[in-house]
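K.L.:
Features from Swiss-Prot:
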type	residues	note
BINDING	LYS89, TRP103, LYS108, GLY128, ASP150, PRO151, THR152, ILE179, GLU180, MET194, TYR198, ARG313	carboxy-S-adenosyl-L-methionine binding site
Amino acid sequence: MIDFRPFYQQIATTNLSAWLETLPLQLKQWEKTTHGDYAKWAKIVDFMPNSTACINLKDKVESIPHTPLSVGETKQLTHHLKQLMPWRKGPYHLHGIHIDTEWRSDFKWDRVLPHLAPLKDRTILDVGCGSGYHMWRMVGEGAKMVVGIDPTELFLCQFEVVRKLLGNDRRANLIPLGIEQMQPLAAFDTVFSMGVLYHRKSPLDHLLQLKAQLVKGGELVLETLVIDGDVNTCLVPADRYAKMKNVYFIPSIDCLINWLEKVGFKNVRCVDQAVTTLEEQRKTDWLENESLVDFLDPNDHSKTIEGYPAPKRAVILANA
């Protein structure tokens, strides 16, 4: 099982120390209700080699072992990594193995990074972090500490496997909780919420939860689905959107800016918008499920299979 005690020790003398009032008990409760495959997934972490490696987190997430793996070792490592499928966010280049994930998350990072306040020496929260790809890119930008939260057990085990292959780097940590379970810490310099808002039944509550984690003046990085329209435009799918049953609100950019200002964010601005392409989200050998092409109208990729506008994403920055 994953041991969270090193993280508790790590934050005990930081601005996150107040979290220790609630977090250990929450994670003990979490361990009692984990997915049936969690023990199997967590055991795979133990199979990862302890070899030293050259690490690159600046322009990719890559580990190159000082002593190359043999053919047999590479085959065995690939087998273990494939047991943690599906790999959704990446890509990773680990010990000579290319994990070609469903999403080219580096595309999103390249769109977001130029607009951010410098991440060097910052304490960062990544909400809905998945397996942690963007967390490692934040570390590559010099972040002091990155904490990701995501309640999905598979993502936690994927993260811990990657961490081990990156030399057990402790600058990034994944905590398997949701934002709604966090006490207001007001301790993070930057908070990321990317690909989360449209899954929330109460988007304004989510924005308030994000704000409660930021230091005064701290930066919010919000990336979410948007729709064309004016300040009064917001799509509420009748049933599914792109085959997803948990999509509730897709606002226009102006509507989203209005929401952020309404809950007290300052200096709200849209810095990027992009239609999701079949190059950015696609099926690979590391994903057995359907992907974007299956979610779009086969005769008109400008629409989802349900007839809604195809996915378009915007990046909004704001300050607490």
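Numbering starts at 1 and runs along the chain as displayed.
Cβ coordinates are placed from backbone N, Cα and C, and glycine is handled just like the others.
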K.L.:
Between the binding-site residues ASP150, GLU180, whose Cβ has more other Cβ atoms within 10 Å than any of the rest?
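P.N.:
The most densely surrounded of these binding-site residues is ASP150.
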K.L.:
Let's check the environment of TYR198 (carboxy-S-adenosyl-L-methionine binding site): how many other CB atoms sit within 10 Å of its CB?
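P.N.:
That number is 22.
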K.L.:
Around the C-beta of LYS89 (carboxy-S-adenosyl-L-methionine binding site), how many further C-beta atoms are within 10 angstroms, looking at every protein chain?
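P.N.:
I count 22 other Cβ atoms within 10 Å of it.
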K.L.:
I want to verify one value. Collapsing DSSP to three states, which class is GLU180 (carboxy-S-adenosyl-L-methionine binding site)?
P.N.:
helix
K.L.:
Based on Cβ atoms within 10 Å, give me the single least packed residue among the binding-site residues LYS108, THR152.
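P.N.:
Across LYS108, THR152, these binding-site residues, the one with fewest Cβ atoms within 10 Å is THR152.
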K.L.:
Consider each pair of residues in LYS89, TRP103, LYS108, GLY128, ASP150, PRO151, THR152, ILE179, GLU180, MET194, TYR198, ARG313, all listed by the record as binding carboxy-S-adenosyl-L-methionine, and report the largest Cα separation in Å as a whole number.
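P.N.:
Comparing all Cα pairs, the maximum is 26 Å.
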K.L.:
How would DSSP class TYR198 (carboxy-S-adenosyl-L-methionine binding site) in three states?
P.N.:
helix
